[in-house]
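Here's the structure we're looking at; comments come further down.
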Amino acid sequence: MAPLFLPLLATLVLAWIPVALADALEGDSSEDRAFRVRIAGDAPLQGVLGGALTIPCHVHYLRPSPSRRAAQGSPRVKWTFLSGGREAEVLVARGLRVKVSEAYRFRVALPAYPASLTDVSLVLSELRPNDSGIYRCEVQHGIDDSSDAVEVKVKGVVFLYREGSARYAFSFAGAQEACARIGARIATPEQLYAAYLGGYEQCDAGWLSDQTVRYPIQTPREACYGDMDGFPGVRNYGVVDPDDLYDVYCYAEELNGELFLGAPPDKLTLEEARTYCQERGAKIATTGQLYAAWDGGLDRCSSGWLSDGSVRYPIVTPSQRCGGGLPGVKTLFLFPNQTGFPNKHSRFNVYCFRDSAQPSAIPEAANPASHLASDALEAIVTVTETLEELKLPQEAVESESRGAIYSIPIIEDGGGGSSTPEDPAEAPRTLLEFETQSIVPPLGSSEEEGKVLEQEEKYRGEEEKEEEEEEEEVEDEALWAWPSELSSLDPEAPLPTEPVPEESLTQASPPVRAALQPGVSPPPYDEPEAPRPPRVLGPPTKTLPTPREGNLASPPPSTLVGAREIEEETGGPELSGAPRGESEETGSSEDAPSLLPATRAPGDTRDLETPSEENSRRTVPAGTSVRAQPVLPTDSASRGGVAVAPSSGDCVPSPCHNGGTCLEEEEGVRCLCLPGYGGDLCDVGLHFCSPGWDAFQGACYKHFSARRSWEEAENKCRMYGAHLASISTPEEQDFINNRYREYQWIGLNDRTIEGDFLWSDGVPLLYENWNPGQPDSYFLSGENCVVMVWHDQGQWSDVPCNYHLSYTCKMGLVSCGPPPELPLAEVFGRPRLRYEVDTVLRYRCREGLTQRNLPLIRCQENGRWGLPQISCVPRRPARALRPVEAQEGRPWRLVGHWKARLNPSPNPAPGP
């Protein structure tokens, strides 16, 4: 007996040792674990379609060891998603380094990590139906790791709804009522887009909550291209007339009660079905309730009546015997075009709904084979074929608009033209007086180059491009045919067109004096009482021998007396501030070039260079200096003339109205007003918008509800002398969004360069209000134009430019009328009735004339054009000269466009 017992005992001991050792090791491992990961909350966590969900995950350290953890660095956090037996990585983070999977880009975040090493909660936004599943939170720190998992359920379903009588039968108001009638609500664009990302497809146009009409397409096909051609996505017809008829996309979410199938042996008519449910303390279910139950897992292969007279059944596990190979709520129609509900006397089962205080669990899905459709289904067809897309009016079906925007003629006056300014304010001014002793260059003196200051004139405007050919002429004499009275803008004083005889060159002319306030805006073209700019008097009279006669006379040198300052105490309109785009070193003003004498500098006989289309060069005669004058705040300069006593010693809150800028100065607070406003606090309107336009902070706005593509809308705005609205401040954003509550175009676009967004009116991009995730240009679909979504705080989204939306036009409160007409020059470009402030136009001389002086004029802030300075003189025919030899080492001189020798010998060498 003993020999048998000992081997058995030894076997038992050997079998027990590994088990005990494993238990001991496991216990030690549990005791040595540094932390544990836990996901708080009741499972499953529920989120709503298109919304956001926070999955809480916290790290609990069992035995804190700060020094050890600090040496190990930040923990590694990994979130994974498990669904259908497959695992996918969501994100991995360690410290500030985060890697996000492409499917979750811009949708997930760790809001507390790494600031908090114990809170690694995940925020998942823009929830989609396929976001339902298991989420696992895993943390690794050194050699320790721990994880936890939780189930997430995304509830909410978007579905297309239509009346049984016909396709596309709902107006916008009727669509909202229809969704409410079936226990749902009209879906939002975000919900439809989230459903699309979850795989939803429907080739039927339907209303959404923002009054747009859209439909989602996963597989593009000829009948369902919409506005996206061959790309998948949500097709969008834009905001349409509320009386137009379409289907509607509804959204169902909660099922606060129990939905069950009533299946009596003899089936039921519609009225019998209502009675059947009432006898059981329930009522016949609505379509929205059935969709919510299907979204919760209800699977019944048995068609039943619903409250709207439709017959449907929910399928979670698809089969060929139960509606084909796709899950969803199946609907029975009488006709292949998916219209016609079954006759109310037909017999089917019924879906009933019983209210409860708390949402009840959906009954477990039964085996589809146990709930076969009734024999009555033989006369009913379940349509699964592809239907033809709704044919919209021609303007809504077009290819995307691309390319540049071209100017169009003005056909309507938008209230342009300049208004008469207010009476001039009493303020000191500084006058400049120029004295010119002679206008004839000294031919006998040594040549001195005049100082030329070059400045780029950057200007905007719709000007025609014209290629100009510069002709180098060889003249036998200097041409002094200056445009008489041109500077005074007198249309009755024509310029001389006949060549000046050789015998009529002047030796000297009387002094010429001009007195203008620096920065004073020139009056409009037709005001005779306006101060005149410097004027050049008299044609030359003294005869000088021609080069053929062998000598050239040297008239007395001319002297240009410097500017003299004269202080006066008198009233008069003034403009202050440095000219825009010009440095102080030039010593000249954009608005005061008329202060310069209309003569050439001593020793400089060259014509002014004709500026090109891109830039122009301004020539300031040598020896002329114009000192920068003090800036005098006046109403005409759109600044308050009297200091406002500060209430708190600063500009908070700002006392200025109408978008004025508050400036703190030693004497108090001063308001810098926008164009069109004046007064101490910018509370006085100096200009007003045309009837039908709304004024806000120096601009006028007009909203148009007619739907157009972006390019058509921009062209319509240009017909008024305006552009699609540009937005530069949050206040302007709120004004447009709150006043014109529509899904509308704005002027922002990247039609020229992808990703480089610019305003159509050329103002810089100083403010942005993009929707999260925008701009995205989804699937390279040509989303080059920007819309403002009013129901979402006016945030912006980029969409294809051929959408048809309403739009708002914007123009400046102050504008200029047609430019001054000159007798010998005309303006480039097509004429318009109004021009925005800072618009620059260019004159060109008529054929046969040569241009001198700057040809540009600018629309100023007071609604008046700057004074034209261009001079047009007759062009002399070229005359060949016989070459002569130089003597005594005297150099050749350039006089006009020909060369001549000083004091030539009496016997010049013969020509060739």
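Backbone N, Cα and C define each Cβ position, glycine as well.
What Swiss-Prot says about this one:
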type     : residues  : note
COMPBIAS : 448-463   : compositional bias 'Basic and acidic residues'
COMPBIAS : 464-478   : compositional bias 'Acidic residues'
COMPBIAS : 520-537   : compositional bias 'Pro residues'
COMPBIAS : 603-617   : compositional bias 'Basic and acidic residues'
DISULFID : C57-C137  : disulfide bond
DISULFID : C179-C250 : disulfide bond
DISULFID : C277-C352 : disulfide bond
DISULFID : C301-C322 : disulfide bond
DISULFID : C651-C662 : disulfide bond
DISULFID : C656-C671 : disulfide bond
DISULFID : C673-C682 : disulfide bond
DISULFID : C689-C700 : disulfide bond
DISULFID : C717-C809 : disulfide bond
DISULFID : C785-C801 : disulfide bond
DISULFID : C816-C859 : disulfide bond
DISULFID : C845-C872 : disulfide bond
DOMAIN   : 36-155    : domain 'Ig-like V-type'
DOMAIN   : 157-252   : domain 'Link 1'
DOMAIN   : 647-683   : domain 'EGF-like'
DOMAIN   : 683-811   : domain 'C-type lectin'
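Features per Swiss-Prot, on structure.
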residue	record	DSSP class
C57	disulfide bond	coil
C137	disulfide bond	strand
C179	disulfide bond	helix
C301	disulfide bond	coil
C689	disulfide bond	coil
C700	disulfide bond	strand
C717	disulfide bond	helix
C785	disulfide bond	strand
C801	disulfide bond	coil
C845	disulfide bond	strand
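The two recorded residues C57 (disulfide bond) and C250 (disulfide bond) have their Cα atoms spaced 34 Å from each other. Per DSSP, the secondary structure of the domain 'Ig-like V-type' (36-155) breaks down as 13 helix, 62 strand, 45 coil. Note on proximity: of the disulfide-bonded residues C137, C322, C662, C671, C801, the one nearest C717 (disulfide bond) is C801, by Cα distance. Here the domain 'C-type lectin' (683-811) has, by DSSP, the following mix of helix, strand and coil residues: 26 helix, 43 strand, 60 coil. For C872 (disulfide bond), the nearest of the disulfide-bonded residues by C-alpha distance turns out to be C816; the candidates were C179, C301, C352, C809, C816. Of all Cβ atoms in the shown protein chains, 20 besides its own fall within 10 Å of the Cβ of C689 (disulfide bond).
A coil conformation is recorded for C682 (disulfide bond) in the three-state DSSP classification, outside any helix or strand.
All protein chains included, C801 (disulfide bond) registers 23 other Cβ atoms within 10 Å of its own Cβ.
The residues of the domain 'Link 1' (157-252), classed with DSSP into helix (H, G, I), strand (E, B) and coil, number 22 helix, 30 strand, 44 coil. Closest to C137 (disulfide bond) in space, going by CA atoms and restricting to the disulfide-bonded residues C301, C673, C682, C809, is C301. Here the Cβ of C352 (disulfide bond) has 26 other Cβ atoms within 10 Å, regardless of which shown protein chain they belong to.
Applying an 8 A CB threshold to same-chain residues 6+ apart, the list for C651 (disulfide bond) reads C662, L663, E664, V669.
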